[in-house]
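Peer 1: The structure that follows is given in the form of C-alpha cells.
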Amino acid sequence: SCSEISCQVSLYLYRTSYPHLPSTNHVNAKLYGALLIVTKFEAHKCSTERNLATALIPQDPVLLSKPILQNFRTIKFRVIHSSTVFAIATRQNTDTMPERRPFVRLPTDVYPVNYGLCLKPDLIDFTFEGKLEAIVEVNLATNQIVMNCADIDIITASFVPEGGEEINATGFNYQNEDEKVTLSFPSALQKGSGTLKIDFVGELNDKMKGFYRSKYATPAGEIRYAAVTQFEATDARRAFPCWDEPAIKATFDISLIVPKDRVALSNMNVIDRKPHPEDDSLLEVKFATTPIMSTYLVAFVIGEYDFVEGQSSDGVTVRVYTPTGKAEQGKFALEVAVKTLPFYNDYFNVPYPLPKIDLIAIADFAAGAMENWGLVTYRETALLIDPKNSCSSSRQWVALVVGHELAHQWFGNLVTMEWWTHLWLNEGFASWIEYLCVDHCFPDYDIWTQFVSADYTRALDLDALDNSHPIEVNVGHPSEVDEIFDAISYSKGASVIRMLHNYIGDEDFRKGMHSYLLKFQHKNAATEDLWDCLEQASGKPIALVMSSWTKQMGFPIIVVDQEQQGDDRILKISQKKFCASGPHNGEDCPNWMVPISICTGEDPGCTKLKVLLDSPETTITINSVSPDQWVKINPGTVGFYRIQYSSAMLESLLPGIRDLTLLPVDRLGLQNDLFSLSRAGMISTVEVLKLMEAFVNEPNYTVWSDLSCNLGVLSSLLSHTDFHEEIQEFIRDLFTPIGLKLGWECKQGEGHLDALLRGLVLGKLGKAGHKPTLEEARRRFKDHVEGKQILSADLRSPVYLTVLKHGDSATLDTMLKLHKQADMQEEKNRIERVLGAISAPDLIQKVLTFALSEDVRPQDTVSVIGGVAGSSKHGRKAAWKFVKDNWEELHNRYQGGFLISRLIKLSVDGFAIDKMAAEVKSFFESHHAPAAERTVQQCCENILLNAAWLKRDADDIHQYLLKRKAPPV
C-alpha cells in the first residue's frame with residue numbers, strides 16, 4: 001500500500017538523518033511501527049487500532065526528531081523470505097478506563113509443558129532480549145493464545161504444531177490493564193502438542209520487581225548493576241510472556257547470555273557454559289531442567305559475587321553468595337542453612353528435591369527475602385552477618401528468615417497454593433515453622449516467647465479492626481494480591497497454625513503434613529486439602545474448627561468468671577467478637593470453634609484441662625482446686641483470642657507477675673490483653689499502668705520488649721497532650737532498676753537474650769531522657785567516633801538513638817558521616833532507622849530530604865520516613881507533609897508493592913485527631929494507591945480509635961501520673 005511505501009521511505013530518511021542512533025532489530029521494529037501509525041496504515045480499521053494512534057503518539061509536531069521512539073510500545077514486523085508480513089499490535093488506552101473490568105483468569109485451551117527460555121540482559125543500557133520456545137498442549141482448537149505479558153515488546157511469534165508447518169502470528173493484542181497479550185493466528189491451532197516461539201525485548205527496570213537492575217559498588221567504589229528477579233506474586237510476566245498463575249506449572253530450561261566476568265545463577269545447577277558465537281566477551285550459560293513448578297518461583301541473577309559453600313548431612317550443596325570481598329559474612333547463614341535442610345527433611349519426611357540450593361544477598365530488594373526454588377534471594381541485612389559488627393538481633397533475624405525461606409522449598413514450592421486466595425497457607429505456615437526451626441538450631445533464643453510478641457500480638461491488633469480481612473481472601477486482579485501480603489496472612493496465619501498444632505499434637509500434625517506433601521507434591525492444593533490430611537491423621541474435626549478461623553475475620557474475646565464449690569472450681573466462659581472499638585454487641589455476632597486450655601497455680605506449666613468451645617457460652621468444672629489457687633485460661637498464650645477475667649480472677653493472677661510464678665509468655669499475654677482492653681475502652685488505661693508497675697522484677701527480654709512496645713504506643717498517644725513529659729518519667733522509673741542491674745558492659749556467662757535486653761533497656765532510658773544514660777551514651781559515642789573505643793554492635797542502636805534524640809546539628813552531621821563511611825548495609829540501616837529521633841524542625845527536614853537521596857537505598861527510604869513519623873508530634877506532621885509533597889516520586893517508586901502500604905502506615909498511623917482521618921482519606925481519594933487501599937482504611941480507623949482513646953482516658957492518666965509522683969501525705 002502507499003502507506004507502507006511511505007513508511008519505508010520515512011524510515012530510510014530517518015536513518016540517514018540520524019546515523020548515530022542504534023540500529024538494532026528492536027529499535028527498527030519500534031521505528032517502523034511508529035511510522036506505520038503516523039502514516040495511518042489502514043490495513044485493519046478496527047477502533048482499537050485507531051485508538052492506538054492517539055494513545056501512543058506523543059502530541060509533539062517534531063515526532064521524529066527525538067530518540068524517544070526507542071520507548072515505543074508499538075507494531076512489530078518480521079521479514080519472511082522476501083515478502084513482508086505485518087503483525088498489528090494493539091494496546092488499550094488505559095487512561096480512559098478508570099473502571100476496572102471483572103478479573104478473568106487465563107483460558108485453559110492452551111497450556112505450557114516446558115519453557116525453553118534464553119535471556120540476554122544488557123547491563124549498560126538496561127534492556128534485555130529474550131527467546132522463548134515453549135512446548136505447549138492445545139486442548140481445544142483455537143486461533144488465539146492468551147498469555148500474561150507486562151512491559152514486554154513481542155517482536156515475532158509463531159506456532160509449530162508437532163510434525164507440522166510453522167504458523168506465524170498475525171496480531172498481538174496487549175491488554176495492558178489485565179497484563180495479558182492475545183496472539184492471533186490466521187487459522188485454528190489444532191488439538192495436540194506444538195512449540196510456541198516468541199522473540200521479545202524488555203527493560204531491566206528499577207522498580208524491584210520482574211527482571212530488574214540492582215545497583216552496587218565494587219570494592220574499588222565503581223557503581224555497577226546486577227540483573228536480578230523478583231516474580232512473586234505476578235511479575236514473571238515482566239521477564240517473559242508466560243502463563244503467570246500458580247496452578248499452571250511447567251518445567252523450565254533456562255539459558256542466560258552474560259558477560260564472561262559475571263556470575264550467572266538460576267534455580268538449577270549449570271550444565272553447560274560456552275562462549276557466545278557472535279561475541280567472545282559473552283558466555284552462554286545453560287542450566288539443568290527444573291522440576292515442574294510455578295512461574296513465580298523462577299529466578300535468575302547476573303552480577304559479581306563471592307560465595308561460601310557447605311554440604312548438608314543429606315548431601316545437598318549449599319552456597320551463600322555475598323557481595324565481592326564479603327564471603328566471610330555468609331558463614332552464619334550457611335551454618336543455619338546446613339542445619340535447617342536436614343531438620344525439614346526429617347520433619348516432613350520428604351527429601352529436598354533439588355541438587356543444590358543457593359542463598360544470595362541482593363543490594364536493592366523490596367521484601368526481606370524470596371523463596372525461589374533452589375535460588376533464594378535476600379536483602380543484604382537478612383543474610384549477611386559480620387562476626388564483629390553484627391548485633392544479636394541481626395543474627396536472630398537472619399536465622400528466622402533463612403528458616404522461613406527454606407521451609408517454602410517444601411511448603412509452597414513442592415506443593416503450591418492453587419490460587420492467591422490460599423497465599424496464607426504458604427506464608428502462615430512458613431512464618432510458624434521458621435520458629436520451630438530456630439528453636440531447634442538455637443534453643444537459647446527462647447524464640448517461642450518472642451513469637452508471641454513479634455507475630456501473635458501484632459496479628460491480634462490488626463485483626464481487631466473493622467477494616468481487617470479474613471485469612472482467606474478472594475483475590476482476582478494482580479493489584480489485589482499485593483494487599484494480602486500483610487500481618488493477617490503471615491502473623492495471624494502463623495498464630496492459628498500454632499494453635500492448630502497445639503490442638504492436634506506434634507505427632508499427628510507431622511503425620512498429616514507428610515501425607516499432604518506426598519499427595520500434592522509437584523501439584524497445587526487449597527486450604528481444605530491440608531485440613532483433610534490433618535483430619536485423617538488426628539481424627540479431630542479440623543475443617544470445622546479451622547474454617548471458623550480462616551473464613552471469617554476477627555477473633556473472640558473470652559469472658560471468664562468463677563465460683564468455688566467445695567474442692568471444685570466452676571468456670572463460666574463465654575465468647576463474643578472482639579473489636580478494637582469495644583466488644584461486638586450486634587445481633588449477628590459470629591462464633592468460633594475455640595480450643596481452650598486451662599492451668600492452675602499448682603503447676604503453671606502444665607495444662608490441667610482442654611475443651612473445645614463451640615457455642616457462645618459454657619460452664620466448666622475443674623476438680624480438686626483449692627480456694628487459694630489461681631486458675632488461668634490459655635497457658636502458653638497459644639489460643640488466638642483475648643481474655644477478660646472477672647476482677648477477682650485477675651487479682652489472684654497479679655502476684656504471679658511479681659513473684660514470676662507465671663511463665664514469661666503468660667506474664668506477657670496478661671499485660672498485652674489488658675493493654676488491648678484499655679485501648680478498646682473496656683477498662684481504664686490507669687489499670688494497665690498499675691499493672692505495668694508490677695513488672696519491676698521482670699528478668700525476661702521478651703516480656704520487657706512487649707511492655708516497651710505498648711509504652712511506646714502510649715507515649716506516642718500522649719505526645720498529643722501537654723503532659724508528655726510525665727509519661728517519660730513513668731518510663732524512666734519503670735526501666736531504671738533493670739537498667740542498673742544490667743549496666744553497660746556485657747558480663748561473663750551472659751547470652752543472646754541478655755544482649756537484646758541491654759540494648760532495649762538502654763535505648764528506652766536514653767530516649768526517655770534518663771540523665772545518667774544520656775551522659776554515658778554521649779561519652780561512648782564520642783569515643784566511638786574518635787576511634788578510641790568502638791561501640792559493640794549491640795550498643796550502637798541505643799547509643800545512636802539517645803545522642804540523636806537529645807542532639808543538635810553537629811550530632812546529625814556526625815551520624816550522616818558515619819552512614820557514608822559504613823561499609824555494611826546493617827550499619828547503614830541501623831543509622832537510617834534512628835535518624836528521625838532528632839528534635840529540631842530544620843534537622844527533621846534535613847533527615848526527610850536525606851531519605852530520598854542517592855545515599856539511601858530505595859527499599860530503605862520507607863524506614864527513614866517512618867522513623868521521623870514515629871519519633872515526635874512534630875516529626876509526625878513533617879513526615880506526612882513530606883509524603884504528600886513527594887507523593888508522585890514515592891508512588892512511582894513503590895506502586896504495586898507492599899512498601900507503599902508500609903510507607904502509608906508508618907507515616908499516618910500515629911495521629912490522634914478526628915480531622916486527620918478525614919484528611920488522610922481525602923488525600924488518597926485523589927491520589928490512588930490500589931495496592932494500599934485497605935491499609936489507608938485501617939490507618940483512618942486507627943486515627944479515630946486513637947482520638948477516642950485520648951478523649952476517654954487522657955485526664956485519668958494525667959491525674960494518675962501526677963498522683964504517683966506526689967509526696968506521700
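For all residues, glycine too, the Cβ spot is worked out from N, Cα and C.
In case it's useful when we look at the structure, here is the feature table from TrEMBL:
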DOMAIN    112-297  domain 'Aminopeptidase N-like N-terminal'
DOMAIN    332-549  domain 'Peptidase M1 membrane alanine aminopeptidase'
BINDING   HIS404, HIS408, GLU427  Zn(2+) binding site
ACT_SITE  GLU405  active site, proton acceptor
SITE      TYR490  site 'Transition state stabilizer'
DOMAIN    630-943  domain 'ERAP1-like C-terminal'
Peer 1: Between HIS404 (Zn(2+) binding site) and TYR490 (site 'Transition state stabilizer'), how far is it from one CA atom to the other, in Å?
Peer 2: 11
Peer 1: Determine, to the nearest whole angstrom, how far the Cα atom of the residue listed as 'active site, proton acceptor' is from the Cα atom of TYR490 (site 'Transition state stabilizer').
Peer 2: 13
Peer 1: Count the Cβ atoms, other than its own, that fall within 10 Å of the Cβ of TYR490 (site 'Transition state stabilizer'), considering every protein chain shown.
Peer 2: 23
Peer 1: For the recorded positions listed here (GLU405, GLU427), tell me which residue's CB has the most neighbouring CB atoms inside 10 Å.
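Peer 2: Going through GLU405, GLU427 one by one, the largest Cβ count within 10 Å is at GLU405.
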Peer 1: By Cβ count within 10 Å, point out the most packed of the binding-site residues listed: HIS404, HIS408.
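Peer 2: Highest number of other Cβ atoms within 10 Å: HIS404.
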Peer 1: Mean pLDDT, the domain 'Aminopeptidase N-like N-terminal' (112-297)?
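Peer 2: Value for the domain 'Aminopeptidase N-like N-terminal' (112-297), mean pLDDT as a whole number: 96.
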Peer 1: Can you list the residues of the same chain, besides HIS404, HIS408, GLU427, whose Cβ falls within 8 Å of the Zn(2+) site's Cβ centroid?
Peer 2: GLU371, GLU405, ALA407, PHE411, GLY412, ASN426, PHE429, ALA430, SER431, GLU434
Peer 1: In whole Å, how far is TYR490 (site 'Transition state stabilizer') from GLU427 (Zn(2+) binding site) when you measure between their Cα atoms?
Peer 2: 5
